[in-house]
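Working notes, structure below.
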Amino acid sequence: MNIINNSENVCTGVKIWLCICCIGILVMVFIGGITRLTHSGLSITEWNPVIGIFPPVTEKMWIAEKIKYMATPEYKYITSNITLTEFKKLYLIEYFHRLLGRIVGLVFLIPFLYFMYKQKLSKNLIHRFILIAFLILVQGVMGWYMVKSGLIDRPHVSHYRLAMHLLLALAIFYLLWKHFLLSVVHQIKCNIKVTNTSVFYIIISLITIQITCGALVAGLNAGLLSKDIPFLSDKVGLNDLLFIKPWWHNIYNNPITVQFIHEVIALLILIIVVITLLVLKVRIFPMYLLLALLLIQLTLGILTFIYNVPIILASLHQVTAFILFASSIYLLHYVKLLQIQYVKNKI
């Protein structure tokens with residue numbers, strides 16, 4: 001994750017474009033949370049990348065879409081009493097999520113082709129942006145692969161595929177954010193000496209693991225099972241955490257265990273950030289920003305859990321995880337600039 005030694009000098013248009021793409025990903029993550037929490041994701045039973053851009057417009061078309069939905073496990077086991085009006089609401093939420101995905105893809109692709117044609121990008125950047133374009137395409141396929149898992153014999157999507165879908169979004173966001181930072185933040189004015197970056201890599205790694213764990217929590221509906229916080233409750237014992245055999249399957253299949261791990265990692269990240277700030281005395285703006293965002297994220301997570309996963313709160317919790325991840329990347333970027341500045345000052 002070397003994001004310093006290759007600082008990029010690009011035109012203002014490229015910087016704005018990268019920023020818009022990052023915002024687009026965040027909006028997608030937020031809308032994706034709403035789509036999942038409103039149980040809208042399985043309402044569209046086909047994947048049509050081109051003609052799927054047009055929604056049903058007549059009553060006959062809507063009825064045809066509902067008939068397709070009636071063949072799904074979700075309809076058979078959960079929503080068999082759904083009216084056409086209610087179905088339209090679910091359908092339009094999923095439709096908007098897919099439409100936004102197409103728009104974000106085009107917002108990346110069209111300016112990329114333009115900047116490449118105008119020779120505004122270096123050869124290295126072109127190669128990296130081709131990778132991002134490929135990942136965006138794969139993400140579309142991954143989204144359908146996830147939805148398909150809920151159309152066969154279970155009324156919900158695979159939590160593994162849900163986690164893969166979210167992690168792929170995180171990878172795309174990371175690449176866009178990294179290049180945005182490289183193009184915008186070149187130098188800083190600060191005299192603090194930081195000799196080791198290991199702790200910052202640990203923070204980034206833990207946040208990434210936490211986002212993965214959060215996806216598993218969401219996919220397993222772990223936040224809805226009990227209002228006893230596993231980490232704090234005396235009602236949750238070892239047998240609850242390890243009842244699946246072999247024991248390691250609990251790590252990714254047992255909702256109680258996954259929720260427990262999610263809480264422990266959150267506490268661990270907080271402890272490491274506080275130690276870095278107070279004990280290691282890395283008192284720089286990105287460190288304070290990370291701590292502030294972490295406290296906001298912890299608050300959102302606790303409120304989401306206590307209030308039975310309300311849609312807006314839970315969606316904010318999901319997108320704030322990406323913003324927290326972005327702040328950790330910014331922190332590492334800043335620290336590496338400090339190291340370069342320190343070496344230059346010594347010379």
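From the backbone N, Cα and C atoms, a Cβ is placed for every residue, glycine too.
Taken verbatim from Swiss-Prot:
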type     : residues       : note
TRANSMEM : 14-34          : transmembrane segment
TRANSMEM : 96-116         : transmembrane segment
TRANSMEM : 129-149        : transmembrane segment
TRANSMEM : 162-182        : transmembrane segment
TRANSMEM : 199-219        : transmembrane segment
TRANSMEM : 260-280        : transmembrane segment
BINDING  : His262, His317 : heme binding site
TRANSMEM : 287-307        : transmembrane segment
TRANSMEM : 311-331        : transmembrane segment
Legend entry - Residue among binding-site residues His262, His317 with least C-beta crowding, 10 angstrom cut-off: His262
Legend entry - Outside the transmembrane segment (199-219), six or more residues from its ends: residues with CB under 8 Å to it: 1, 36, 156-160, 162-163, 165-167, 170, 252, 255, 258-259, 261-262, 265-266, 268-269, 272-273, 276, 280, 290, 314, 317-318, 321-322, 324-325, 328-329, 331-332, 335
Inset, instruction - With a Cβ cut-off under 8 Å, give me the same-chain residues at least six positions beyond the ends of the transmembrane segment (96-116) that come close to it. - result: 13-14, 17, 20-21, 24-25, 27-28, 31-32, 34-35, 40-41, 44, 49, 52-53, 126, 129, 132-133, 136-137, 139-140, 143
Legend entry - Beyond the flanks of the transmembrane segment (162-182) by at least 6 residues, Cβ under 8 Å: 1, 3, 6-8, 15, 18-19, 21-22, 25-26, 28-29, 32, 36, 125, 128, 131-132, 135-136, 138-139, 142-143, 146, 208, 211-212, 214-216, 218-219, 322, 325-326, 329-330, 333
Inset, instruction - Establish whether the number of Cβ pairs under 8 Å between the transmembrane segment (311-331) and the transmembrane segment (129-149) reaches at least three, counting only pairs separated by 6 or more residues. - result: no
Inset, instruction - Determine which residues of the chain contact the transmembrane segment (14-34) at the Cβ level, with the cut-off under 8 Å and only residues 6 or more beyond its ends counted. - result: 40, 93, 96-97, 100-101, 103-104, 107-108, 111, 115, 120-121, 166, 169, 172-173, 176-177, 179-180, 183-184, 311-312, 314-319, 322-323, 326
